[in-house]
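Asker: Have a look at the structure that comes next, please.
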Amino acid sequence: MEPILAPNPNRFVIFPIQYYDIWNMYKKAEASFWTVEEVDISKDINDWNKLTPDEKYFIKHVLAFFAASDGIVNENLAERFCTEVQITEARCFYGFQMAIENIHSEMYSLLIDTYVKDSNEKNYLFNAIETMPCVKKKADWAQKWIHDSAGYGERLIAFAAVEGIFFSGSFASIFWLKKRGLMPGLTFSNELISRDEGLHCDFACLMFKHLLHPPSEETVRSIITDAVSIEQEFLTAALPVKLIGMNCEMMKTYIEFVADRLISELGFKKIYNVTNPFDFMENISLEGKTNFFEKRVGEYQKMGVMSQEDNHFSLDVDF
């Protein structure tokens, strides 16, 4: 049995820390806590009213996917990961991740509630998993992995793919709006959320490195390429980014670029060997290994949380 999954009678007490790298990730998550009340969306309505019908359609569907997906991630954490993983440091991270995912879901729901005035349309968007085939396909894939009989390692990769690949193209599409100077509330919340998801993805990679018997490279590649195909179809066929003026082929390449970055972080060879086609995505938090403590998004960090004097903690650890 994997040591991180083995019964641990000390799991109810945090100290003494046994896994400093995992604990450090938890402290990073704690330092980046935020709430929806801190995001000003009052100026978005003027921009929203100026968008074309295609642009509105695209944003509404992306928000509908996001609003549902965080709940799926949380269900996996509650039903599987939090009960399987026996080391306290990881349980701290997963517990905090659940709180953050709730904030993300609330943020997306609030954005839908603010932009969409028709109550029937709101209900349609809030129930996207049932009402939208393109969203249902992604949700079904993620939910399948919650209940899969595969080992923790495989399911860890699947949910790294959900947070690292299924979200990537949609994040990029919203950053595209930022590049155009539109929707400041939506784009700022997107910065915060994409940074959080980058950290969650980094954490999955860290947990993977703690496995003594990880899934094979072939298995990892299969899961990741499957997720890439679904995400590419989502943003180039079902909900094409050309609706907001983006290039569909470049979006396909970007999703492959993100997948390569993920599989490299897991310690395997790249699959696609492509470069990032979107210059405006070079510095966002899905880059992994983010430096958001030195220069946090919106100059925003809980004061003092990371000011550790204990020599065991290092911000230079190569995750």
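Glycine is treated like the rest: Cβ placed from N, Cα and C.
A quick note: this is a predicted structure, and the numbers were derived from the prediction, not measured.
I grabbed these lines from Swiss-Prot:
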- Asp70, Glu101, His104: Fe cation 1 binding site (BINDING)
- Glu101, Glu163, Glu197, His200: Fe cation 2 binding site (BINDING)
- Tyr108: active site (ACT_SITE)
- 313-319: region 'Interaction with R1' (REGION)
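Have a look at these and tell me how they're positioned relative to everything else.
Answerer: Look at Asp70 (Fe cation 1 binding site): DSSP puts it in a helix.
Contacts of His200 (Fe cation 2 binding site) defined by a Cβ separation under 8 A and a same-chain sequence distance of 6+ are given as Gln97, Ile100, Glu163, in order along the sequence.
Around the Cβ of Tyr108 (active site), the number of neighbouring Cβ atoms within 10 Å comes to 25.
Summarised as a single figure, the pLDDT of the region 'Interaction with R1' (313-319) averages 42.
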Asker: Can you list the residues of the same chain, besides Asp70, Glu101, His104, whose Cβ falls within 8 Å of the Fe cation 1 site's Cβ centroid?
Answerer: Ser69, Gly71, Val73, Asn74, Ile100, Asn102, Ile103, Ser105, Tyr108, Ile193
Asker: Between His104 (Fe cation 1 binding site) and Glu197 (Fe cation 2 binding site), how many Å separate their Cα atoms?
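Answerer: Taking the Cα atoms only, His104 (Fe cation 1 binding site) lies 10 Å from Glu197 (Fe cation 2 binding site).
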Asker: Cα of Asp70 (Fe cation 1 binding site) to Cα of Tyr108 (active site): how many Å, rounded?
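Answerer: Here the two Cα atoms lie 10 Å apart.
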